[in-house]
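The structure appears right after this line, and notes come after that.
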There are 2 protein chains.
Amino acid sequence: MADLLVKCMAVLTMDGEDGIIKGGEIAVRDDIIYHVGPAGSTPGDFTPERVLDYPRMVAMPGFVNCHTHAAMTLFRGYADDLPLMQWLNEKIWPLEALLTPEDIYRGTLLCCAEMIRGGTTTFADMYDAMGRVAQAVDESGMRANLSRGMIGFGARGEKALAESVEFIKEWHGGAGGRVTTMFGPHAPYTCPPEFLKKVIAAARELGVGIHIHVAETKDEIKEINEKYGKTPVALLEEVGLFELPVLAAHCVHLSDSDMDILVRRRVGIAHNPQSNMKLASGVAPVTRLLEKGAVVGLGTDGASSNNNLDMLEEIRTAAFLQKLYTGDASALPAYQALYMATAGGALALGMQDQIGRLVSGLKADIILMDMHKPHLYPLFDIYAHIAYAASSADVHTVIIDGRVVMENRRILTLDEDAIMARAHKCAEELVQRSANNGNG
Amino acid sequence: MADLLVKCMAVLTMDGEDGIIKGGEIAVRDDIIYHVGPAGSTPGDFTPERVLDYPRMVAMPGFVNCHTHAAMTLFRGYADDLPLMQWLNEKIWPLEALLTPEDIYRGTLLCCAEMIRGGTTTFADMYDAMGRVAQAVDESGMRANLSRGMIGFGARGEKALAESVEFIKEWHGGAGGRVTTMFGPHAPYTCPPEFLKKVIAAARELGVGIHIHVAETKDEIKEINEKYGKTPVALLEEVGLFELPVLAAHCVHLSDSDMDILVRRRVGIAHNPQSNMKLASGVAPVTRLLEKGAVVGLGTDGASSNNNLDMLEEIRTAAFLQKLYTGDASALPAYQALYMATAGGALALGMQDQIGRLVSGLKADIILMDMHKPHLYPLFDIYAHIAYAASSADVHTVIIDGRVVMENRRILTLDEDAIMARAHKCAEELVQRSANNGNG
């Protein structure tokens with residue numbers, strides 16, 4: 001890849017709140033950040049083949065979406081405003097049962113196009129047909145951590161575990177290192193302890209982590225308590241899950257001792273505020289968790305419970321929700337919310353030495369935000385503007401792994417029109433198949 | 001003005017949930033909607049001088065922003081993440097004291113540019129130097145209901161009331177009917193009953209309504225209770241305020257009997273969910289209010305407590321917040337949230353016979369949303385897509401009072417670059433003046 005120099009109004013390194021370099025520049029060599037500093041500070045031996053000179057833009061690390069189900073873009077708007085169990089039982093699960101690997105590939109491409117346009121450069125996904133998901137990620141130029149979701153009962157669990165092992169062996173470190181993997185046991189209430197122990201053994205053997213839903217709803221807390229006499233977090237601790245690197249999605253309903261376990265074990269928490277609101281799940285105690293020193297990233301969850309994959313919306317909602325929930329307008333300030341969406345997310349995925357900050361030696365995953373818009377004037381505070389006023393459409397250029405993936409809002413790696421048309425067709429046929437099966 | 005025909009993928013009339021006309025068209029004659037119906041249904045005697053033919057777009061009524069302080073765009077990002085009283089005392093009020101009428105004009109122009117870009121066609125504003133605000137509204141082509149904000153103590157109150165009377169006489173029905181006015185007593189805790197009674201008499205005489213903040217914070221409830229032994233709503237009822245048309249902003253902390261008063265009196269409630277979250281004020285009981293039959297519109301509040309003027313964000317936040325707050329994922333569904341931002345807002349402003357729906361005879365305030373974006377595919381449900389997935393940048397074209405004010409995201413009435421540059425300069429000079437006065 002060509003050496004690249006990015007010059008802009010300011011660089012937000014996200015490596016500390018004072019890490020704003022006004023009139024900054026970033027030198028990119030191959031897939032790596034070679035240098036970050038004030039204008040003119042790049043060493044003389046760096047002779048870029050291309051200069052992106054954008055004096056009205058702010059450069060920052062690409063967003064890390066810590067929890068989604070990419071292919072569920074196909075269900076966007078298919079079923080809304082329903083109670084969770086009715087939504088799953090009557091709408092989502094019947095449709096999911098009919099998905100083909102080709103559908104999942106198409107839905108993931110649509111997801112990637114949307115995420116690139118919103119400045120997301122890395123995402124953590126849990127779904128099915130993960131080889132096809134990895135293929136879509138590879139084509140899009142994105143970075144992703146992929147898990148084959150597993151329901152851990154009986155033969156279905158065994159099959160899912162075998163497929164997971166196969167997928168991890170094939171894809172971990174794939175797409176030029178842009179694809180990493182984890183095991184994806186769905187949740188404590190869908191994966192009994194015996195199954196989780198097998199997953200732990202396999203993860204230990206393959207040297208990968210575990211992505212799991214934890215403590216999302218009150219019903220889950222009740223069910224696990226009735227069955228095991230403890231909280232989901234305590235159960236997972238007892239099973240030994242947290243001895244491995246874990247990415248725990250949601251963590252809405254936590255006791256004080258649950259929080260202490262998550263902090264002590266350095267569990268990566270994927271906070272999904274919009275999904276938790278839309279499904280009426282509750283409010284994760286993010287302010288308390290951060291006070292205790294927890295590792296917290298942000299996620300969108302799937303597009304059918306959100307209904308988009310917009311990390312700037314999650315940043316804003318996360319901050320506003322904590323202010324409301326704690327009754328303290330100073331809770332979760334702008335920098336901290338942006339940190340969760342970048343460096344914090346990298347930590348949650350165990351990728352802090354590769355992504356999440358703009359410092360030399362890390363991967364060149366960079367976005368440029370165009371600040372020359374009425375809703376971003378005047379400019380007193382860049383962090384506040386991005387956290388509280390900017391929108392995904394302000395993302396002008398996206399660089400992933402040193403490669404310009406979007407420029408001036410045109411994606412260079414994917415054919416967006418074809419992707420939209422095919423996703424439309426997939427969704428239409430899916431609903432037709434569902435109707436033929438006697439569903440809704 | 002030229003006769004105009006708008007052809008599109010679908011028209012959302014917002015005149016009932018079944019008011020979706022697929023492959024619809026809208027005929028506009030001068031400032032009025034002449035006809036709305038399926039493709040080809042426009043009467044043959046209508047020969048448009050211009051046809052806007054957009055098969056990938058959805059037409060709907062422009063958004064009605066029921067509560068803002070337009071010129072506060074100048075303070076965007078100046079002070080965030082602070083407790084309310086510290087924010088006001090140390091940051092906002094010292095700066096507001098230094099605002100000139102010219103600043104207010106510049107800030108309002110910036111506000112209008114941002115709102116047009118986000119599909120807002122009408123807004124209700126409460127601020128100072130309202131003649132200059134009206135001038136900015138006139139130039140922008142927008143529709144607005146304007147109130148001179150009044151703090152009702154002593155001579156300051158008398159002066160504000162006299163200026164209000166003068167402003168209303170000059171501007172009510174101005175800008176070709178696009179500007180209407182109200183009296184703007186700030187709040188029960190800043191306007192004592194004797195002052196409110198004078199305002200009521202003046203409003204009655206001039207035949208206009210009243211725009212007021214009500215029950216925004218717990219502190220207000222406490223203060224009014226200590227002073228008068230009742231709630232703010234009960235106090236205003238006793239004073240006779242609700243005998244006039246009233247636009248009541250916030251209404252966060254309400255008793256059951258408060259709600260009954262607001263419903264019985266047909267008070268227009270401006271719900272500002274993002275401001276209420278960001279300032280940690282609380283959650284307005286919107287679901288209960290709607291069940292009781294209240295008139296509820298949506299507002300952004302000022303840009304310094306939001307930090308943008310994005311009605312699609314308010315729609316989404318309003319819906320998600322009610323789902324969370326009631327614990328019921330079916331609360332405040334997509335259509336109802338969109339209704340609040342359009343027809344409901346028109347009702348709240350007492351303008352339901354002019355705006356808020358796309359039906360013949362009403363004013364031609366129309367926006368076109370571009371649905372050909374990855375985050376809006378596939379398309380199962382237009383209401384859900386706009387309420388839960390679309391963003392302000394998807395607003396392609398804006399028509400106000402029959403005039404195309406924005407097309408393909410270019411504003412035709414205002415010079416955006418000049419407005420941004422001047423707003424930047426105003427803000428810089430303001431902070432400089434503030435520093436010279438010994439403020440931070």
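Using N, Cα and C of the backbone, Cβ positions are placed for all residues, glycine too.
Applying an 8 A CB threshold to same-chain residues 6+ apart, the list for B:ASP301 (Zn(2+) binding site) reads B:HIS67, B:THR68, B:HIS69, B:ALA249, B:ASN272, B:GLN274, B:SER275. In three-state terms derived from DSSP, B:ASP301 (Zn(2+) binding site) belongs to neither a helical nor a strand segment and is classed as coil. What TrEMBL records for B:HIS67, B:HIS69, B:HIS213, B:ASP301 is Zn(2+) binding site.
Residue environment of B:GLU216 (substrate binding site) contains 25 other Cβ atoms, counted within 10 Å of its Cβ in all protein chains. Summarising the annotation, TrEMBL assigns substrate binding site to B:GLU96, B:ARG148, B:ARG156, B:HIS186, B:GLU216, B:ASP301.
Here TrEMBL flags B:59-405 as domain 'Amidohydrolase-related'.
Comparing B:HIS186 (substrate binding site) with B:HIS213 (Zn(2+) binding site), their Cα atoms are 6 Å apart once rounded. Note on proximity: of the binding-site residues B:GLU96, B:ARG148, B:ARG156, the one nearest B:HIS213 (Zn(2+) binding site) is B:ARG148, by Cα distance.
Each of B:THR68, B:MET126, B:ALA249, B:HIS250, B:ALA270, B:ASN272, B:SER275, B:GLY299, B:GLY302 belongs to the same chain as B:HIS67, B:HIS69, B:HIS213, B:ASP301, is absent from that list, and has a C-beta within 8 angstroms of the C-beta centroid marking the Zn(2+) site. In this view, B:GLU96 (substrate binding site) is surrounded by 20 other Cβ atoms within 10 Å of its Cβ, with every protein chain counted. Just so you know, of the binding-site residues B:HIS69, B:ARG156, the Cβ with the fewest other Cβ atoms around it within 10 Å is the one at B:ARG156. Of all the binding-site residues listed here (B:HIS67, B:ARG148, B:HIS186, B:HIS213), it is B:HIS186 whose C-beta has the fewest other C-beta atoms within 10 angstroms.
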